[in-house]
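K.L.:
Handing you a structure now.
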Amino acid sequence: MKALVKREANKGIWLEQVPVPTPGPNEVLIKLEKTAICGTDLHIYLWDEWSQRTIRPGLTIGHEFVGRVAELGSAVTGYQVGQRVSAEGHIVCGHCRNCRGGRPHLCPNTVGIGVNVNGAFAEYMVMPASNLWLIPDQIPSELAAFFDPYGNAAHCALEFDVIGEDVLITGAGPIGIIAAGICKHIGARNVVVTDVNDFRLKLAADMGATRVVNVSKTSLKDVMADLHMEGFDVGLEMSGNPRAFNDMLDCMYHGGKIAMLGIMPRGAGCDWDKIIFKGLTVQGIYGRKMYETWYKMTQLVLSGFPLHKVLTHQLPIDDFQKGFDLMEEGKAGKVVLSWN
């Protein structure tokens with residue numbers, strides 16, 4: 001079968017022929033229909049410092065997907081061949097304190113598909129049946145293909161009550177863009193998104209952001225004054241940029257709450273005085289709550305949330321290089337690759 005493989009320990013990704021995997025007793029073989037390129041996949045493609053520490057060359061990458069059940073393991077019940085599914089990309093142990101306590105998204109033994117084990121950029125893949133999520137007929141496959149990052153955005157946006165609140169989102173990548181849309185969809189007052197990429201800021205505006213701010217050209221404080229704001233009630237940090245995070249701390253209202261998804265560089269500092277004396281709450285966000293986030297994000301789409309607005313490119317798998325080039329250049333929202 002075809003698969004996108006990180007064959008060599010340098011920049012690039014390779015379309016190769018690899019064996020079709022065989023499902024174990026509790027696994028399902030999935031025939032992929034569509035997959036989406038994630039920021040993590042771009043890191044692996046670029047072979048940055050994180051990738052060099054984490055990725056084993058020879059790995060089939062990818063973790064955002066939709067497909068159909070092709071074969072059931074001998075012990076699998078509750079699914080049928082032909083059903084359309086996506087899946088939670090974090091495989092958890094099931095026996096640690098957090099798994100047994102109803103917090104599997106915090107499992108310290110998590111294995112990530114397309115990072116630690118072979119992933120979804122292939123014609124077929126195997127997944128534990130317990131990780132599957134059935135996709136309703138009303139949701140098109142090109143949207144279901146990126147439910148994974150949509151879930152990250154939903155986890156962040158729903159972590160704190162944003163109804164009637166002023167929300168600051170630092171980072172207009174696809175997750176930040178989607179989070180902006182969710183916050184407006186559920187009733188935030190003002191949603192302000194910052195970045196330095198005008199293309200992606202426009203996508204955030206199209207998704208419903210009240211104001212988008214290119215911080216290389218415009219002061220966030222000036223925007224706050226224009227909106228008659230004393231400070232932001234909720235912050236969603238998506239950029240992983242220390243300067244953006246410190247700007248957020250500076251602009252938060254006393255008692256504000258921050259959900260952090262962006263991964264900061266090692267040793268990055270922040271103004272702890274602002275966290276302490278403003279009484280801020282800072283909550284780290286990892287993955288999606290299993291499976292409450294999946295339920296809520298599915299219902300959001302079914303209720304009219306315009307997830308399609310972040311989808312900018314659909315390409316056949318043979319044009320995968322164009323997709324990675326668009327992502328590297330910052331000229332895309334979500335890029336979906338078709339395996340049909």
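Yeah, the Cβs are placed from backbone N, Cα and C, and that goes for glycine too.
In case it helps, Swiss-Prot gives these features for our protein:
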BINDING   Cys38, His63, Glu64  Zn(2+) 1 binding site
ACT_SITE  Thr40  active site, charge relay system
ACT_SITE  His43  active site, charge relay system
BINDING   Cys93, Cys96, Cys99, Cys107  Zn(2+) 2 binding site
BINDING   Ile175, Asp195, Arg200, Leu261, Gly262, Ile263, Ile285, Tyr286  NAD(+) binding site
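A description of the local structural setting of each listed feature is requested, covering burial, neighbours and distances.
P.N.:
The local packing around His63 (Zn(2+) 1 binding site), expressed as other Cβ atoms within 10 Å of its Cβ over all shown chains, amounts to 23.
Under the DSSP three-state reduction, Thr40 (active site, charge relay system) is assigned to helix.
Taking the Cβ of His43 (active site, charge relay system) as reference, residues of its chain lying under 8 Å away and at least six apart in sequence are, in sequence order, Trp50, Ser51.
Around Cys107 (Zn(2+) 2 binding site), the same-chain residues at least 6 positions away in sequence with a Cβ under 8 Å from its Cβ are His90, Val92, Cys93, Cys96, Asn98, Cys99.
Note: Gly262 (NAD(+) binding site) has non-local neighbours Thr170, Gly171, Glu237, Met238, Ser239, Gly240, Asn241, Ala244, Phe245, i.e. same-chain residues 6+ apart with C-beta under 8 A of its own C-beta.
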K.L.:
What is the nearest of the recorded positions Thr40, Ile175, Arg200, Ile263, Ile285 to His63 (Zn(2+) 1 binding site), using the Cα of each?
P.N.:
Thr40
K.L.:
DSSP on Ile263 (NAD(+) binding site), three-state: which is it?
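P.N.:
Looking at the DSSP assignment, Ile263 (NAD(+) binding site) belongs to neither helix nor strand, so coil.
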K.L.:
Including all protein chains shown, what's the count of other C-beta atoms within 10 A of the C-beta of Ile175 (NAD(+) binding site)?
P.N.:
29
K.L.:
If one measures from the C-alpha of Glu64 (Zn(2+) 1 binding site) to the C-alpha of Arg200 (NAD(+) binding site), what distance in angstrom results, rounded to a whole number?
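P.N.:
If we compare the Cα positions of Glu64 (Zn(2+) 1 binding site) and Arg200 (NAD(+) binding site), the gap is 20 Å.
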K.L.:
Would you say which of the binding-site residues Cys96, Asp195 has the most Cβ atoms within 10 Å of its own Cβ?
P.N.:
Asp195
K.L.:
For the C-alpha pair, I'd like the distance in angstrom between Ile263 (NAD(+) binding site) and Cys38 (Zn(2+) 1 binding site), rounded off.
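P.N.:
About 15 Å separates the two Cα atoms.
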